[in-house]
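Visitor: Take this structure first; my questions come after.
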């Protein structure tokens, strides 16, 4: 057996093959240990000592490491994770009011989308993450806090530009012989990559979709989200409708609200018009401050008025409360400790 890639990115039958086990059930055993957070072959007590030693010589379970851990007073946890090539990403644990624990995972080192209001978008893009590097973020978080309830791909990067690896990671995390996380508890967030939305819909996964709309004003969206705006709002609406119809699931529209930028009555009406005919729910996200970006968090009255306008139009809407601000772990802040 020759040295192989990190086993955290493999399915049971692939572990069986690369490890050249004689017994067919050994791949499942190793897969279960990895899903349970094991990082040492010698701790896999249902394997023979000879097999454990052979695995330790030829394979690695994980090739990432946590280099920093930050905790906020609101319960948010941010991990800085170093990859094999010394590049770095961040993963975040979010805890809501009823103590549900959600892993916010990254899918790229940096991000090519260059959204004007996002810290990660200012870093530029280095490379995609592998499935193992995505899975390991989840495993690192579970080692810190125990069982996680949900996963959101809302960390660093555009998931639709690394969809194969993202879906591969989902397959591993949801595998019934491993972690067995329900696909229904997983959300993929995109800046509005239409081709990716169609592709995700056609894969027939049970995951949820969130779209970072930010504004339904085309010129403003082109300024705030220059790469995402390459697909017109009309094309984006068609892609969302396709996902609605193909999956039968409601789509979340995310609006990062910035003071005096996208919070007027006209902007609200444009969102209402965009949402018409779609099965969507709107999330309002007051912009989280980033030192190098010169926007401002909206006043409470701006957010409340915007929310009221959507409610009056019978658009389902929720205001997301800020979490992780104290450690740079909130929406739009990731990358401060990572670099590219």
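From the backbone N, Cα and C atoms, a Cβ is placed for every residue, glycine too.
Not measured: the values here are computed from a predicted model.
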Visitor: Given that Swiss-Prot lists 157, 158, 212, 213, 214, 288 as binding S-adenosyl-L-methionine, which residue among 174, 189, 199, 232 does it place in the same site?
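Guide: When Swiss-Prot describes the S-adenosyl-L-methionine site, the candidate it includes is 189.
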Visitor: Restricting to the domain 'Radical SAM core' (97-325), what is the model's mean pLDDT?
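Guide: Average per-residue pLDDT within the domain 'Radical SAM core' (97-325): 97.
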Visitor: Which residues of the same chain, at least 6 positions away in sequence, have a Cβ lying under 8 Å from the Cβ of residue 104 (disulfide bond)?
Guide: 91, 92, 93, 94, 152, 154, 155
Visitor: List the residues in the vicinity of the [4Fe-4S] cluster site, defined as same-chain residues other than 111, 115, 118 with C-beta within 8 angstroms of the site's C-beta centre.
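Guide: Neighbours within 8 Å of the Cβ centroid, excluding 111, 115, 118: 113, 114, 117, 119, 120, 121, 122, 191, 225, 332.
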Visitor: Going by C-alpha positions, which of the recorded positions (90, 115, 118, 331) is nearest residue 288 (S-adenosyl-L-methionine binding site)?
Guide: 331
Visitor: Taking the Cβ of residue 90 (active site, proton acceptor) as centre, how many other Cβ atoms lie within 10 Å?
Guide: 26
